[in-house]
Amino acid sequence: KEDKEEDESKEEDNGSQQNRASRRKNYQRRNGDGKKAREERSQKKGRGKTAPNKDQKESENKEKKTTKRGKEGENKQKKDRKNSISSSSNSSDEESLSEEELAMLKEQVEQKKKLISTMRNKPWRMVKKLSVLREAQDFVEKFEGALGKGKGKKLYAYKMMMAKKWVKFKRDFENFKTQCIPWEMKIKEVESHFGSSVASYFIFLRWMYGVNLVLFGLIFGLVIIPEVLMGMPYGSLPRKTVPRAEQATAMDFSVLWDFEGYIKYSALFYGYYNNQRTIGWLKYRLPMAYFMVGISVFGYSLMVVIRSMARNANESTTDGDDDNFIFSWKMFTSWDYLIGNPETADNKFASITTSFKESIVDEQESNKDENIHLRRFLRVLANVLIICCLCGSGYLIYFVVKRSQTFSKMQNVGWYERNEVEIVMSLLGMFCPPLFETIAALENYHPRIGLKWQLGRIFALFLGNLYTFLLALMDDVNEKLAEEDVVKNITHWTLLGHHNSSAGNDSTVTPPPLDPADVPRGPCWETTVGIEFVRLTVSDILVTYITILVGDFIRACFVRFVNYCWCWDLEAGFPSYAEFDISGNVLGLVFNQGMIWMGSFYAPGLVGINVLRLLTSMYFQCWAVMSSNVPHARVFKASKSNNFYMGLVLLILFLSLLPVAYTIMSLPPSFDCGPFSGKKRMYDVIQETIELDFPLFVAKIFSYVANPGLIIPAILLMVLTIYYLNAVSKAYQRANAELKKKMQMQREEEKNKRNNKASTNPMLQDLEDLLTPSTKTESPPKQAEDKKTESQNGTSPVGKPGRGEFLAGSPMAGGRGAAFTPPSQVFVTQPRTLGARAPHPGQPRPWGHPLGPVPGRGRGQPCYPRAAR
Amino acid sequence: MALLDQKNNNVSITVFILCCVHTIMTRKENGWQEHREDFQRIPELAINPLGDRIINAFFPEGEDQVNFRGFMRTLAHFRPIEDNEKSKDQNGPEPLNSRSNKLHFAFRLYDLDKDDKISRDELLQVLRMMVGVNISDEQLGSIADRTIQEADQDGDSAISFAEFVKVLEKVDVEQKMSIRFLH
């Protein structure tokens, strides 16, 4: 039976290889003639089970075999010859025989494979195809193993298998990749219900999470874990021990909550690290690593932000010219024909609706006319109000900070006094954005532009907060520095005194070392700064979560359930459900990230906290949005590249780089804590490493490179390069805009012309037909390509024929269009209506056929099923 | 034919094919005639807002059944175009799964009264199917107007096939209206 199958496949292969076209004709003829007979047969086959099926097939095969026997014989002879040649080297007869068999087998397997690959093109019925396919696959599977004797064959079989596997693997890998994008489904779900603007926040959050994960890996892998594994253990050094006075309360929750006590003296903070040059048996240079990681956190962040900005910019320019057919595309291509899951279908419905709404908003905005003076006045007014708000909040913070400085001098202050700054800042952050939003309603911008304004304003507010906070911190640090000088002397004398006394008392026994807990400490300003940032971050997290819980969830519950017994409609009336606050959330995220960047140098553990925060807030906010928010009244489309967010991140990155750089470059590190203790400046660690660990010439080169005489020209060169590149990109942009404008103009002109042609101006149309008689009469004009032909004939509005053509279709689209539609065939479907719109019989109108047989169809176009059937 | 993520596509493709094949297999005893209800049992079609239209496309005019050949002929529109086919079949008959045929199939889904034009009313019907009652009629009307205005080139306030092709010039129909099967 297999033989027969094989025969058939061979026959088919020959056919397909030799002349496909003739085979097709054959097939069509057969279709036409023996259609009924075939159907009957197939019905029979359907009713009977497999056995008669096989019989029939066999009989068929026999017929075919008789016709094709000759060819096959030739083939086999050839095969034999080959085999004899190949096996002639082998002397024994038996072996050659088996070789022959093997070769046969191989041939068969190959043919089966070919059959499988060409299966789709066969004019068979589906059942037959399926059964043949299954048999062929079984055969290949069964006998491919038998081929594993000869070396070349093995390799071949192996290659084939690998190729197959590779294709499958690639497809699986694609699936896997899309599955691996974290939270993709969650975000899609949110997007389909709340529009792309809300989704853009979540995408941003995801991106942030990715960046933080890398930073986390960097800091934990290179600083914290080496320190924990190889550094000196807790309690071995004064800086790694809780002082005696604090030990009693060091484990209390209230103390730990303030990040004092044991947490303060742990690897999470700067002060815990020792200034030993190398630690452990690896000779790991921890201080150096600490410094380099601190720098590379910023370096990596800058690189990532800028790279993604550049990528976004690229994306937004590449699909810039697609906005010609927004609505048509939405209309014709928005449904995914492959959706089979009801839930997905619901999402898709929601997303189509949302996208239509987005487009409607855009559309309304673009043709809005109004009283421009009133609008201008209101906008100015809104800005004045907002500037007042900003100044007020700035003063409030200044006032609170001053007050807190006096509080810090007093001894026993309550919880509120200690946390006043944080509380006020959180409250400002909570209440100002809604206020701004209310004011922004005066301006009546398009929501997308409105969002940008809103973002900018809240950014200014937060920035004020941030920098006030930093200035207060700076004062604090300076105080601590002054205090440190005093403590340094005390420590010095204490240690000296201890040694002297022990040495004086008993010189033979080594003096009992002073317990590390008893050594007087400096204030260690770095740890203080780190603790401030951690506290701020944690309180920010809490405030955010509580706001969501109360402001969104509880409100939604209230509105939903109390509505049954309330005197007015809560859902439509006053409280209603909350909308998702994009601007507030985005800025919260951005500023939080700024905190992380600033704080991570002095509190390496901060990044870990942030990773946790982002992870939880992804789930929490997704849940909150889906459960208790309603879509915006005016859903608007986010700009494709969220470069505005990225711009904010870049700005905040730069702003948070400044204070860190300042403290590293110009403040002396504490004398008794941290990896840089004992040095004049933190960056001395680099010089030290270069001097001690590198050969001399490296140090020399480094000193040359660090020479200002070299740095200044380098910076100049960079500036010039930037200037040049900027100029070039501007020029490109201009050219681009020009081209786009021309395209648009051409399109419009063409439309106008057509309209004129159709409705009002028969004279002109006649004239035009006279002007371009050749194209119009030669080929049935295809409207899709009319533009092109016209521009080739020089009637294009742009004038220059060459450019006109270039503009008419972008090379890709034009090329494809031309490739898939040989003109005479496609235009068949045009007719009837065109006749109606041009009601003068005198002009040559080769396309004016009624909907009947058209010349193009005779050439065998089975494409329109109705006609073909 | 749209932009949902890949994962879903691949899953549903298999489901779709399985359903088709299953439909074929189960209808053996009925003599290879497909009935409308069989199609409506395929989830892809039951959910699709244009599902009824697609089902209608399988049936010759006025009939309630389709034989296997007709079924396959229609289904062939969904076959992907392969690279080697593109180059080979230049002078042979145009295959059913060519780009223009795919487009024409799609066009007929929208063109209800078969006058080779998509009119405003036809667009409105489709819109209503796609977005349901979530958008007011007025806005739907404006969307339809905008669509026609965008696509219309000859000023007859309807979309002809040529204009349809022009609109979808840059959409990757070859891939989007395709189903991979047998492999």
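Easy rule for this one: first residue shown is 1, then count along the chain.
Cβ from N, Cα, C; glycine included.
Where the annotation comes from TrEMBL, it is an automatic prediction and has not been curated.
Per TrEMBL, compositional bias 'Acidic residues' is recorded for A:1-11.
Residues annotated as compositional bias 'Basic and acidic residues' in TrEMBL: A:30-43 (among others).
Residues annotated as compositional bias 'Basic and acidic residues' in TrEMBL: A:52-77 (among others).
For the compositional bias 'Basic and acidic residues' (A:743-753), the number of residues in each DSSP class (helix H, G, I; strand E, B; coil) is 11 helix, 0 strand, 0 coil. Positions annotated as compositional bias 'Basic and acidic residues' by TrEMBL: A:743-753 (among others).
Summarising the annotation, TrEMBL assigns region 'Disordered' to A:1-100 (among others).
According to TrEMBL, the feature region 'Disordered' maps to A:743-869 (among others).
Taken from TrEMBL, the feature transmembrane segment applies to A:207-229 (among others).
Residues or ranges marked as transmembrane segment in TrEMBL: A:288-306 (among others). Counting residues 6+ beyond its ends, the transmembrane segment (A:288-306) has Cβ neighbours under 8 Å at 211, 214-215, 218-219, 222-223, 226, 273, 597, 600-601, 646, 649-650, 653, 657, 660, 664, 675-676, 682-683, 685-686, 689 in the same chain.
Annotation comment: TrEMBL describes A:380-401 (among others) as transmembrane segment.
For A:421-442 (among others), the entry in TrEMBL reads transmembrane segment. Within the chain carrying the transmembrane segment (A:421-442), a Cβ under 8 angstroms from the stretch's Cβ atoms is held by residues 378-379, 381-382, 385-386, 389, 393, 396-397, 400-401, 404, 450, 453-454, 457-458, 461-462, 465, 469, 472, 535-536, 539-540, 543, 547, 581, 583-584, 587-588, all 6 or more beyond its ends.
For A:454-474 (among others), the entry in TrEMBL reads transmembrane segment.
Residues or ranges marked as transmembrane segment in TrEMBL: A:601-623 (among others). When Cβ-Cβ distances below 8 Å are used as the criterion, the transmembrane segment (A:601-623) is approached by residues 183, 186-187, 190, 202, 205-206, 208-209, 212-213, 215-216, 219-220, 223-224, 266-270, 294, 297, 526-527, 529-531, 533-534, 537-538, 541, 544-545, 548, 585, 592-593, 595, 660, 664 of the same chain, each at least six residues removed from its ends.
Summarising the annotation, TrEMBL assigns transmembrane segment to A:644-665 (among others). Long-range Cβ contacts of the transmembrane segment (A:644-665) within its own chain (Cβ-Cβ under 8 Å, at least 6 residues beyond either end) map to 200, 204, 294, 298, 301-302, 305-306, 308-309, 312, 452, 455, 459, 463, 466, 470, 474, 477, 529, 586-587, 590-591, 593-595, 597-598, 601, 681-683.
The transmembrane segment feature in TrEMBL is assigned to A:701-725 (among others).
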For the transmembrane segment (A:454-474), distant same-chain residues with Cβ under 8 A (at least six beyond the ends): 386, 389-390, 393-394, 397-398, 401, 404-405, 421, 425, 428-429, 432-433, 436-437, 440, 529, 532, 536, 583-584, 586-587, 590-591, 594, 598, 644, 648, 651, 655, 659
Cβ contacts under 8 Å made by the transmembrane segment (A:701-725) with residues that lie 6+ beyond its boundaries: 690
